[in-house]
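Novice: So that we are looking at the same thing, I have put the structure below in structure tokens.
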Amino acid sequence: MMKRTSLIGQLGQAQQQQTVTLQGWVSRRRDLGGLIFLELRDRSGTVQVQVEPDSPAFAEADRLRAEYVAEIEGTFQPRPESQRKGGLADFEVIASRVKVLNAAKTPPFELDKGESVAEDIRLKYRYLDLRRPEMQRALMLRSKAVTAVTEFLDAEGFIQVETPMLTKSTPEGARDFLVPSRLNPGEFYALPQSPQLFKQLLMIAGFDRYYQLARCFRDEDLRADRQPDFTQLDMEMSFVEQDDVLEVQERLLAHVFRRVLDVELPLPFPRMSYFDAMDRYGSDKPDLRFDSAFTDVTGLFRGGEFAAFASAPSVKVLVAPELTRKQIDELERVAKQNGAGGLAWLRRDGEGFTGGISKFVGGIAPQLIEQTGVAQGGTLLFAAGEWKKAVTALGAVRLALRDLFDLAAGGPQFHVSWVVDFPQLEFDEDSQSWTYMHHPFTAPHPGDVALFGTERQGEMRAQAYDLVMNGFEIGGGSVRIHDPEVQAKMFQAIGFSEEAAREKFGFFLDALEYGTPPHGGIAWGFDRLLMLMSGAGSIREVIAFPKNNRGADLMAQAPSPVEDAQLAEVGVQVRGE
């Protein structure tokens, strides 16, 4: 085997009429008029190779089939004018020597039709799927993003520290993946859902600024933007307030987009309170590439003819284009799936309305038209009831309309914003108790600390913030509690006894007593961010070896049974269903 002269994608005008040696995979072979035409591919690009019948390379080239590994030596030259398509397609290699480096079985699917192949087949043969240029571009984009993150944070004085992968099971929201300890029978480690406590301990230890591309594990239901094992870009800073954290994050994200995509994100990012996001868009991660904010018409219907709205705590309306009855029925299905009892509607006709609940709104039609600005033929969609249920359901309808009419197409490619001032606590109807909205180490606004233990503790605002892009939460963080007394009040508010808190978090509570600095941080969902940056439809497209939506690795066939002897060693017995 000879040493290659370059990657295929490095060839260009400067290499014209030079002898080159290339190595890669045969994407395609064509036989035409006695000539053999090959497309040779490596990670950087594809080039056409022509083998003439009188060439000493012909016999060896005749052995080549799809996905064979080959070494080609020949002259790099322009293709005939009529065959040029721009870039590398303007050139070809006239082969003088061909060597088959390895044969290949016929692939189970055509690589150039990969996106039309069932995903389970692609995942089973992931090593072949990853040969596709689209997949290689996605993973190279990921590598560039890691480099951009590292160079920025290193320059800003952050220190990269690795935290444990085997740790203690603590309540963090999702189920833990548990690992039995062979040396301590009956006891278990947990794989980390996040490095939350360890990064706070690093601030207590005096490291001032920390970051890590952390592997995290959560045993939860999966969807397009979730995996059981995933990557967070985790960061923490000492002696900071909320604005300090947000300012660094804005510059970091702008740097990543500039270096990786050559896209300038406008700074600073707009901020919106949790209440405003929910009240106007029905989501704590609103897609702001398009507006379509709700209008509150509670007062307009109060005491009116339509009983369902007359006494409703909240009535919200969303303006939509003209809709067919079939489309309205589909949107009503979306609303019901998200907690609404139904989806009332009206269609504007002149200075009034037809359809839906039109017989109940004759007297308020002018006010509805004025307040909503609905166009002729346009549709009004209503949700009514308890505030959070109403706005959440209408928020789901808003996103369905976005997809139906491609409403985001008219906005920026990327819209980034902050959602701030989340509630510190939320009331769980099932358990009839208060619980944390983010995690129990989130600090409340200083002016709200006095509300702990009072009837108004549900009004407390957290110093928590989410970074939102195109309707996805790509990061979330908070200023942390650094005062042991405030931490005790937080545990008390969520029903954690002192004994329970000690059992779960004793090591951390001890550390808080040894001079904890004010600190705050954030974690990015790195896979989710890369999904958005690359335009992929799923985070599985930006992860080299992902699980499917059932949490299975179809290539490695994991999870899988293990030997009884292995289970016995760690004291585990599998029960039947």
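Heads up, the Cβ atoms here are built off N, Cα and C, so glycines get one too.
As the structure is a computational prediction, the values presented were derived from the model and not from experiment.
Okay, so Swiss-Prot annotates it like this:
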| type | residues | note |
| --- | --- | --- |
| BINDING | GLU172, ARG218, HIS438, ARG480 | L-aspartate binding site |
| BINDING | ARG218, ASP219, GLU220, GLN227, GLU473, GLY525, PHE526, ASP527, ARG528 | ATP binding site |
| REGION | 196-199 | region 'Aspartate' |
Novice: Which of the binding-site residues GLU220, GLU473, PHE526, ARG528 has its Cα nearest to the Cα of ARG480 (L-aspartate binding site)?
Specialist: GLU473
Novice: Write out the long-range same-chain contacts of ARG218 (L-aspartate binding site), meaning residues 6 or more apart in sequence whose Cβ is under 8 Å from its Cβ.
Specialist: ALA174, ARG175, PHE177, GLN193, ARG226, PRO228, PHE230
Novice: What same-chain residues, at least 6 away in sequence, bring their CB to under 8 Å of the CB of GLU220 (ATP binding site)?
Specialist: ALA174, ARG175, ARG226, PRO228
Novice: Report, as numbers and ranges, which residues of the same chain sit near the region 'Aspartate' (196-199): CB under 8 Å and 6 or more residues beyond its ends.
Specialist: 163-164, 167, 170, 172, 210, 212, 234-236, 439, 441, 505, 508, 521
Novice: Whole-number Å distance between the CA of GLU473 (ATP binding site) and the CA of HIS438 (L-aspartate binding site)?
Specialist: 13
Novice: With H, G and I counted as helix, E and B as strand and the rest as coil, say where DSSP puts GLU473 (ATP binding site).
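Specialist: Assignment for GLU473 (ATP binding site) reads strand.
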Novice: Report, as a single number, how many Cβ atoms besides its own are within 10 Å of the Cβ of GLU473 (ATP binding site).
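Specialist: Its Cβ shell of radius 10 Å holds 17 other Cβ atoms.
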Novice: Please count the residues of the region 'Aspartate' (196-199) that DSSP assigns to helix (H, G, I), strand (E, B) and coil.
Specialist: 4 helix, 0 strand, 0 coil
Novice: Going by DSSP, is ARG528 (ATP binding site) sitting in a helix, a strand, or coil?
Specialist: helix
